[in-house]
Amino acid sequence: MSTAGFNSQNGTGTGQTYANGPSQNPVALQQPPGVNYGMNHQSAYNPMQAKALAPPGPGLYPSGPNQPVPPVSSYQPGPPVAPYPSSPGQPLLSRPPLGGLPSHTPPQSASPSPGPRIPSAQATPPPPAVSSSGYYPNPQQPMGPTWRYNTAAPPMGPATAMSTPPRGPVANHVNPAASLAAPFPPSSATYSSAPPPEMSHSPTRISGPGVPPTSMHGYTQPGAAPPPMAPHTYQNVRPAYGPPPTGPPPSMKPTPPPPGPPVGSATPPPPKADGAVAGGGPQAPNSFNHVDNRMAGPTQPGPPARHLGHYPSLPPGYQNTSAPPAPSSVHPAIQAATQPYTQSPQPYQQLPAGPGPAQLSPSLAAMSLQSKTPEALRVVNLLQERNLLPPGPVPAPTPCLPQDLQKLNCNPEVFRCTLTSIPQTQALLNKAKMPLGLLLHPFKDLSQLPVVTSSTIVRCRSCRTYINPFVSFLDQRRWKCNLCYRVNDVPEEFMYNPVSRSYGEPHKRPEVQNATIEFIAPSEYMLRPPQPAVYLFVMDVSHNAVETGYLKEFCQSVLDNINSLPGDSRTKVGFITFDSTIHFYNLQEGLSQPQMLIVSDIEDIFLPTPDSLLVNLNESKELVEDLLKSLPSLFEKTMETQSALGSALQAAFKLLSPTGGRMSVFQTQLPNLGVGALQSREDPNQRASAKDIQHLSPATDFYKKLALDCSGQQVAVDLFLLSSQYCDLASLGCISRYSAGSVFYYPSYHHHHNPGQVERFHKDLKRYLTRKIGFEAVMRIRCTKGLSIHTFHGNFFVRSTDLLSLPNVNPDAGFAVQMSIEENLDDMQVVSFQAALLYTSSKGERRIRVHTLCLPVASSLSDIFAGADVQAITGLLACMAVDRSVSASLSDARDAMTNAAIDSLTSYRQSVLTIQQPGLLAPACLRLFPLFILALLKQKAFRTGTSTRLDDRVFAMYQLKYQPLVFTMLMIHPALYRVDDLTDEGALNINERTIPQPRVLQLSVEKLSREGAFLMDAGTVIYLWIGRNCHPNFLTQVLAVPNYAAVPDNLYVLPDLDTAESQRTRAFVGWLRDQRPFFPSFHVIRDESQLKPQFMQNMIEDRTESALSYYEFLLHVQQQISK
């Protein structure tokens, strides 16, 4: 969750204490629990750095008078929004002054921005002050290096910084033998000589079509409408492979840009993925000696409350605006499917005897985006152009690479970068004021995955990079690494191509034709024989747990799916239950029925019969089934209210330590007995009023220490929390975060009162029990010399500077990393990144999955802006903000996110725009950035002024850290559709089903109509809002009710009716659900529904009591830029 203590890292074999991300382990430092969980090691680049402690004062988005104000679309002219004054005389944190940086005090009052004004009667509330927690206190005067994006951290004594290479070879934690298999030279730069982690499972499946189009940027004049898109036909532009020519390398001409606007690349339907918890990376120290204090007038009252259905008129500039250019007639999913990521290998002919992509020729420089204004740089005035949302999913930008390279590039759903044009220098990156980082979904279910079985896996002898499509063959016998540029010999075995059964064409091997590939690893990648699949279930059976009714649902689900558990003939299972005592179950073959063994000494836990508690599933299946059938009735009458979770986890750890495996823990209350006991830290009265949220960090380090022990023994812990009361997820979640597990959270779970949650739990369990799994995994991310990785986000333990320990890896886990530029990339035209995951499949095979991404290097700021990936930037900033919330404060994180938008648009205005115009100007590629930042500020993880349960907030933070980007974006900015008028026009045809494709609407009450029905997809939940005057035809044909009054309050499933309207609606909802691995709950909302406030809180563009509307937020951003 936070940089403040979530990414663990230990020393490089020097006996250092565990360090969690940037902070030292509180236990090792003998600090009281919960204190200073932040780091005292300085990290490279973190725009989410902590600021000086904020003086007490009104919230970031203070509300007007205390009166309920329903969300209202306030796109009305407003007076320039001004920030709050700081309270005088507040002490500030100090740090050594930055060299030569004068202290800056802005003027007491800012000049009004040239935006529209409103009469005082409709004054808007003051916007947030721009505090120094932003990246720069003043747009014209950047701060020193500590604030910059992506700067490398200074060394901090013996502690190993993320970006520091190991002193010597770093042995692969799974198999040191791999490093010793052949004598390689010492590692260079940031690479260790050990085989990196890699990963995959037996032939895998992908959900959803391919990936966005791989065409180069199209160029267009502003205002031109894109033509319909035809599938690309890729031509080989490289000469045929032959003997190395003499003389200088030939120049490589890029394919000319297509005329017209960019070919509409659109993201395919989201992959199947499930949530998991997140760790955090190093955080920069909390140090500033000056804070930007700005003054503003007094708070002004907000507009009067309005009734739903009565919308204010639009402000000038928002009226009579046309929609964006019509999208391609081909649906995004179909477009994506036509792209070559999932096609058979393409012929790939290398340049004869020339330098590799690192010196591709001046042709790439000629592709500079400056020749014509590309669509990505089309100037958009955000205050005038209202219709910014594309009609479907936001596409990932296509890197500006030659076509033959781009068609071999990695699928952006698996591997994408925040900037698709990498700045040549750190100074250029700092000037752009955008974060540089990678977002990965490394174990994603894939429908087509090339698997190679070979006794020789070809890797660079220096940096250990796996051979990939972006290396260069100097001749038939030598290849140059695209990361460290070492020249390597081609092994004799690699000369034979198993696909074409030909000899002498190493450049046509599958490894050089696919950016994502899987190897079946030889014996040197094994430290021990591959472990069997081992599953241990640990269940709360206290009175509270029995009351929820989860036990019956769990047992039935395991019974239904027991034959689908991933594994082979060696698969083992075991069960532990607990209340105030620990109950083990002897399931040894030969017993007539399961034997229950009770250990009441929870202070000194031991295993009563170590050899018969984990049993072979095939040999003891009947006993296992008997136990599952009898468990629910066994504890039916229990009155035991205590919960000794800590002791149960210790017992489970002892049981799994010899083999490793997966521990699944089901908990329904705050643990209150024995080790790891917790006390309630939440004050329900402070949920909405507190300016800063307390207790986001763990109350004890017990769960983190146990998780690190589990990680060392290849045990991952998955936590299922089913509770209606506070359970301190901030503390309990550590057990999963550091052991590479997942957290599943079902608030207010009850088998009778909350059938929607029961349905979700049932579907999640089925996916959880049957999905692919990798055991004893490690992952390493390498990048081209000159770049360095310094902060990781996700669920894992950092074993060495760049090796992530993943006792389990699942296809629903995402990761993110932050990077900096340590050396200038002046002589490079492209750079590459490679993620390698080494794991044991459930069938006992050691496998390596490798993903390689290639991106161009840019020397101009306009090219860098043109390649900005607004979704990836938002996802990475969300991870950084979670860390900042825990290490510093929630208000710091909110201020820094706001300033991220202000700083990047300021840089664009000052350094890229040649003609200064009035208004809030953004390049087309960043037009959604302020909207996404406002959405983050209103997201459950970061919102203030709205009653939010602490566990709900912490779980939202976990999701932002460990979910793959496509699901994170749905959480941040839900999709709204009108569904009472679905038609087959533009529909998809999938498996003989017709899937309607309604347009995505803006998240504003203004878009709702009392005569309609609207569907909101918020990732983990789908709402169907029914207007009071909804057409009776929709009510009868879809909901099977005669009128609005008859719509039930607790409808959580659409009735299966034999009508065209019902079939269309159910097909659309089913299609949305099929795009993700977890099961979103479904709720029908009426005006009187209890869930209506939750639905309305997702109306991000509207004003609420405690937060600005989108239009007001834009005015605030414009005012700060104008200062």
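Cβ from N, Cα, C; glycine included.
Lifted from TrEMBL, the feature list:
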COMPBIAS  1-28  compositional bias 'Polar residues'
REGION    1-331  region 'Disordered'
COMPBIAS  55-88  compositional bias 'Pro residues'
COMPBIAS  89-103  compositional bias 'Low complexity'
COMPBIAS  151-165  compositional bias 'Low complexity'
COMPBIAS  176-193  compositional bias 'Low complexity'
COMPBIAS  241-272  compositional bias 'Pro residues'
DOMAIN    457-493  domain 'Zinc finger Sec23/Sec24-type'
DOMAIN    530-769  domain 'Sec23/Sec24 trunk'
DOMAIN    774-858  domain 'Sec23/Sec24 beta-sandwich'
DOMAIN    869-965  domain 'Sec23/Sec24 helical'
DOMAIN    995-1068  domain 'Gelsolin-like'
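Secondary structure of the domain 'Sec23/Sec24 helical' (869-965) per DSSP, as helix, strand and coil residue counts: 66 helix, 3 strand, 28 coil.
With DSSP states grouped into helix (H, G, I), strand (E, B) and coil, the domain 'Gelsolin-like' (995-1068) comes out at 23 helix, 13 strand, 38 coil.
DSSP labels the residues of the domain 'Zinc finger Sec23/Sec24-type' (457-493) in these numbers: 2 helix, 12 strand, 23 coil. In the predicted model, the domain 'Sec23/Sec24 beta-sandwich' (774-858) shows an average pLDDT of 95.
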